[in-house]
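Everything below concerns the one structure shown next.
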Amino acid sequence: MSDIPIQIGHYRLGKTLGIGSFGKVKLAEHEITGHKVAIKILNRNKIRSLDMSEKVRREISLLRKMRHPHIIRLYEVIDTPTDIFMVLEYVAGGELFDYIVSKGRLAPEEARHFFHQIISGVEYCHFHRIVHRDLKPENLLLDADNNVKIADFGLSNLMEDGDFLRTSCGSPNYAAPEVISGSLYAGPEVDVWSCGVILYALLCGSLPFDDESIPNLFKKIRGGMYSLPSHLSEMARDLIPRMLVVDPMKRITIPEIRQHPWFQTDLPPYLQHPPEVVENETFKIDEEVIEDCLRLNFAASVPRDQLIALLHRREAHPLRVAYDLILDHKNAKIRIDELRDVKTVSSKPKTFAPTEPSRGPIPMAASPLITPSMGDPRQFGGRHMAGGYSGFPGQQPRLNAPSGLSTPFDDGNANPNASISGGAPAPKRRRWYLGIQSKKEPAHVMSEVYKALHVLHFEWIVVAPYRVKCRWQPKGLSAALNHPPSSEDAESDYEAQVKYQQRLAQSRIKIGLQLYKVQQHIYLLDFQRLDGNAFTYMNLCARIITELKTLSGIRTVPSGHDPRFGAEHGGGLGGPGGVHSHHSSPHVHQQHHADLH
């Protein structure tokens with residue numbers, strides 16, 4: 001009886017690939033296409049007894065968003081009263097961890113091959129506002145052609161605008177200092193740290209932070225205490241320390257990693273595209289695969305238009321799964337050919353130096369919150385903010401520059417050929433921001449912020465070193481709260497109270513301020529409306545920005561100046577490293593301030 005194959009939906013289950021704490025993984029064959037899949041069988045009772053329902057729900061929800069060549073693919077979920085069947089992409093190569101253990105340190109070319117794919121997958125996760133939080137070689141699977149598939153999203157989380165995470169997740173050896181310390185973190189920076197540990201393991205065959213004693217291990221991680229072997233190349237010795245910076249504000253970002261010379265070497269064409277391009281490709285219908293689907297016996301009675309319609313709707317359907325399986329296998333073969341071409345080119349001896357440096361992929365912004373003007377709202381969940389977008393920590397939208405990282409001063413849109421051709425320089429398109437930038441140290445910027453809030457009579461609480469919640473209300477409102485309007489007529493009194501409460505609600509404003517890293521030594525102060533009238537909020541943003549610019553212009557403290565600020569204002573935020581206002585909308589500055597006094 002045990003030899004009789006089990007049938008689940010359109011899948012014939014085969015041998016067991018692995019057994020976990022609340023289920024097992026079986027190899028299966030998709031009857032319609034003949035392709036192999038892996039089916040994770042999760043027992044509902046075991047899930048409940050281990051209190052893992054939320055982990056399973058989260059993993060399914062996040063995997064459904066993912067369509068990337070180096071992230072494990074979830075094709076469908078089959079529910080029964082007793083079990084949950086997750087139909088996943090089958091990867092036959094095992095874990096990257098076992099591969100490293102068996103081979104020891106890898107050659108730079110092979111390590112770079114894996115690292116290219118890991119960074120591309122992680123960048124795609126961050127594009128979807130997903131932070132993995134448990135990146136390690138055990139969660140990186142290899143297919144039959146030694147290509148990486150990021151797996152196990154059970155500890156992942158969805159990032160929201162202005163929100164920060166605190167949960168200590170993941171394995172201690174790969175966890176960032178802010179994670180093991182229980183500090184607030186945005187998300188992407190902890191994945192960068194884990195990728196740095198993984199890169200070290202690939203190139204060195206060992207871990208940078210390791211100790212049998214957990215307290216000693218944490219001490220090493222918090223202090224960033226590790227050594228770089230002498231066999232590492234100069235570029236690798238430059239990249240790894242940038243990823244393993246203890247201060248998350250100074251840690252390199254994914255877009256900066258993409259631009260690093262070590263990463264740019266032998267980068268395959270399909271990995272040169274930014275995540276929004278990868279995302280757009282998933283919405284295109286492949287006509288060749290459509291024809292393959294229509295030739296299947298299962299689809300004999302399905303009209304072509306109906307098949308295309310259900311693909312556009314992305315609804316659950318057996319033919320949808322068949323289409324995805326056929327398309328994924330087709331694309332996998334194309335990528336194998338690209339990788340083979342890259343290896344062939346890189347193995348040829350270089351007989352001359354190129355006259356122009358390789359441009360590589362379209363560069364990405366290094367900023368969590370900088371967005372291109374009039375950008376695609378789908379990148380940010382379709383949410384608009386007055387004067388532009390407010391993204392989320394770790395979002396890396398595209399810039400328009402053809403090479404190199406853009407700075408906030410040239411917008412990255414200059415035409416590099418304008419002076420050569422003799423034509424008029426192309427007009428620069430301004431990017432929109434909600435906030436201001438500074439080249440000063442983060443602590444100095446926050447000091448100036450506190451001074452501006454004090455001048456403008458804000459009240460505030462410090463949530464984290466670079467995050468503040470502040471409150472503003474018109475002068476005299478506090479006294480008015482103790483003397484609400486009254487009337488002898490009950491009905492008139494009720495109406496007066498309603499109007500009074502409405503006025504109070506419109507007048508009291510709560511604002512969140514958060515300092516983010518934009519590029520190396522450049523920081524962005526972001527504004528978030530927490531509560532209150534939107535127009536008054538925008539007015540207050542303009543006033544805060546104006547006050548910061550005023551403070552930035554102070555070089556010395558003139559006699560008679562407010563002594564509360566002392567001599568700290570010498571230099572302010574101005575000068576070559578000063579504040580640069582990139583406020584989103586000109587009309588913000590034209591608002592009347594009568595309601596603010």
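Residue 1 is the first one shown; counting continues down the chain.
The backbone N, Cα and C atoms fix where each Cβ goes, glycine too.
So that you can see what the record holds, here are the features copied from TrEMBL:
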- 11-263: domain 'Protein kinase' (DOMAIN)
- Lys40: ATP binding site (BINDING)
- 392-424: region 'Disordered' (REGION)
- 502-550: domain 'KA1' (DOMAIN)
- 559-597: region 'Disordered' (REGION)
- 568-578: compositional bias 'Gly residues' (COMPBIAS)
- 580-591: compositional bias 'Basic residues' (COMPBIAS)
> Looking at Cβ-Cβ distances, which residues of the chain lie under 8 angstroms from Lys40 (ATP binding site) while being 6 or more apart from it?
Replying inline: Gly23, Lys24, Val25, Phe85, Met86, Leu88
> Residue counts in helix (H, G, I), strand (E, B) and coil for the domain 'KA1' (502-550), per DSSP?
Replying inline: 23 helix, 21 strand, 5 coil
> What mean pLDDT does the predicted model reach across the domain 'KA1' (502-550)?
Replying inline: 82
